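This report concerns only the one structure given below.
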Number of protein chains: 4
Amino acid sequence: MDWPESPFALPDHASGSETMADAAREIVAAGRRMDRLGFLPATAGNLSRRLSSDRFAITRSGGHKGFLTEADVIEVGLDGQAVRAGDRPSAETLLHCQIYEHEPEAQAILHGHSLAATVLSRFVRDTIVLEGYEVQKVFAGQTTHTAAIRVPVFDNDQDIPRLARNVAPLLNDMPAGYVIRGHGVYVWGPNMKSAMARMEGLEFLLACTLHERSLAR
Amino acid sequence: MDWPESPFALPDHASGSETMADAAREIVAAGRRMDRLGFLPATAGNLSRRLSSDRFAITRSGGHKGFLTEADVIEVGLDGQAVRAGDRPSAETLLHCQIYEHEPEAQAILHGHSLAATVLSRFVRDTIVLEGYEVQKVFAGQTTHTAAIRVPVFDNDQDIPRLARNVAPLLNDMPAGYVIRGHGVYVWGPNMKSAMARMEGLEFLLACTLHERSLAR
Amino acid sequence: MDWPESPFALPDHASGSETMADAAREIVAAGRRMDRLGFLPATAGNLSRRLSSDRFAITRSGGHKGFLTEADVIEVGLDGQAVRAGDRPSAETLLHCQIYEHEPEAQAILHGHSLAATVLSRFVRDTIVLEGYEVQKVFAGQTTHTAAIRVPVFDNDQDIPRLARNVAPLLNDMPAGYVIRGHGVYVWGPNMKSAMARMEGLEFLLACTLHERSLAR
Amino acid sequence: MDWPESPFALPDHASGSETMADAAREIVAAGRRMDRLGFLPATAGNLSRRLSSDRFAITRSGGHKGFLTEADVIEVGLDGQAVRAGDRPSAETLLHCQIYEHEPEAQAILHGHSLAATVLSRFVRDTIVLEGYEVQKVFAGQTTHTAAIRVPVFDNDQDIPRLARNVAPLLNDMPAGYVIRGHGVYVWGPNMKSAMARMEGLEFLLACTLHERSLAR
């Protein structure tokens, strides 16, 4: 296997012509990077890449997402059903469907479980506010550190359709993605590199916020 | 040497036909992964893989478990005695014997010494409760974050048979493994990948719990 | 690609004969190292290398600085303008111009965004004092741990010329570089290895200071 | 260059026949490992290997100890003078001389600057006590976690002969090595693997102790 260690190490390629092989390559690289950063303990996380207006590639249920191979990536429709008989998408695939449907610009979605997101989300009610950080300029439409970015925190729920219904009302107002309590973050972008940069930016700022919380007590 | 960086990078192989060479390969890979994650300082830890109903492969006493070679893995019986004359199992081999005997499903056992397990176990009495975390679904039989998983904490003891006798009464009720105070964790699974995923899951949750403890004081 | 993992792994070469290819090689290596150390989340940071008395090489705007290629490094003048038509320097290039102009000895400048610099700078007013650490001997002109080194902290500002005007009065008195609040550090040196050593030294001491702050509360 | 990533990855070789090439190889490997573990920020640390009863190999002054080559290792006598004209040992070489002279069994000495050693040593008076940790069995003569190991902490001093005179009275009673305040640790062992294991053990226990201190306040 000769997989790159991150999507940032992949050459740019023409958008719109995404094949399953290209998508798998990006997903495998993103998984490796997220593992290096500690965002994918055990079998946590799922990663996807849009293939067309109504299909996307996503990691298969189970297994460690830091050591993926092409065979661990399956093709699904926006209804969450696998294109190929026998492939088994994870329950959380529906949260990817929701984002791709709501955001036509979204081309890649990353979900991970970091310590910062897990712990911090158990100590806040329903929102984490990021303000005064240069790094927040990585998020969609942000041009200054003086803005206050609201990251919604939703209660975890094993009933994914119900969780999705709770997420829906706020989908228009989450430039940095969202957090599920005790679980992890969801971020996306117009390509895999951008989604990964936002993942790194959000996790960095959650780690800063968590650290500041312990100093400010 | 061309050892994979984790058991997750190993191809699946038919269970039940485990050879010493296969077992050693999995153990070496698990050691490398655990070292990368910081679970094997100095000469800490020991790792094993079942070979049959009454024999298993385990790391030799002494040496660093993050840089193992095939020669560092020896074959022992469920009585803890080396199959080959001259091989010297570590004293803690008996704790592996106990688990393999009690749990016919256990095929791999991992023991490491992380900072989180070491420190947290010195601040609790006899149990760590994990509740409300998505990652806890990695443990045997768990399907929801709302369950309360009890991880027993036993006092450390250089008398391993006595330590094993303390562990015994709770062996039926530890889906996430157990912790020895100031020492480390024991986890197992139906194959090496699963044992490693549970190791990562347990350590992640111990790190979260330790962090939360410092915030909640 | 065969890039070294840090500038410390590069062979020494004759100073004064720096070509764009050599400069790019050093910058790519410094970016890899800073990423390994966690100083370059998302698209943060920018890195430069002087080419002559009035030109330097610097990372292009945007993109992840841990996975640079030669094509991500552009040539600019001390006025901050790109030498090659179409190249787009980042706004912060002006801060590099200011340092190269003020410090004829400066041959390399590194800017990163670490958690320690980001969090600590939000908890102090205008100066971080480093005193009693052996590592502080890495900074220009320092020979003992008993000195008190003052690291100025400036408010972040999207108006870079205005930020530069605030930095200017203190440029003569910052042996360890400076910090921009909620943003990151700027360090430099007489060659890339030295700049990188100072970056590691400053970040180590900021991390120590932040840790001590949590113990001393 | 094809250097191993740690001394643990080196094959064992006959002791007593140590050549400069073998010694350099072990030192380079130890430097890489210590860098991975974060013990060698900037140009910190120095590493040595005994060659005979009255000579040893040690890292040259200056430079990053995580990216050494054979040319960065020089030969010195127990008087601290370089064997080859022009080689410049660092001032701290005298602390290595002292240990090799006092401990005929010492074959390798490692000195690094970790965050835990640096911060913790600034919060204690003159001793750090390690007790109740399984990992402490890695130190010379230790067989149980119930022992209380005393690690002396000495004030830092740019006058190395004076610092050595302060260390001298306690040299017989430091099974885990010693700490210089705001500076770092010194550990040694009967071979490089053992010295490295003790370095990892001591640093792990200092990190645990520092963490516990923040919980216990």
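Each residue, glycine too, has its Cβ placed from N, Cα and C.
As recorded in TrEMBL, the features of this protein are as follows:
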type	residues	note
DOMAIN	A:25-210	domain 'Class II aldolase/adducin N-terminal'
BINDING	A:His111, A:His113	Zn(2+) binding site
Proximal but sequence-remote residues of the same chain as A:His111 (Zn(2+) binding site) (Cβ under 8 Å, at least 6 apart): A:Gly45, A:Asn46, A:Leu47, A:Glu92, A:Leu95, A:His96, A:Gly184, A:Val185, A:Tyr186, A:Val187
Chain-internal residues near A:His113 (Zn(2+) binding site), provided their CB is under 8 angstroms and they sit 6+ positions away: A:Phe39, A:Leu40, A:Pro41, A:Ala44, A:Gly45, A:His183, A:Gly184
Coarse DSSP state, helix versus strand versus coil, of A:His111 (Zn(2+) binding site): strand
Averaged pLDDT score, the domain 'Class II aldolase/adducin N-terminal' (A:25-210): 97
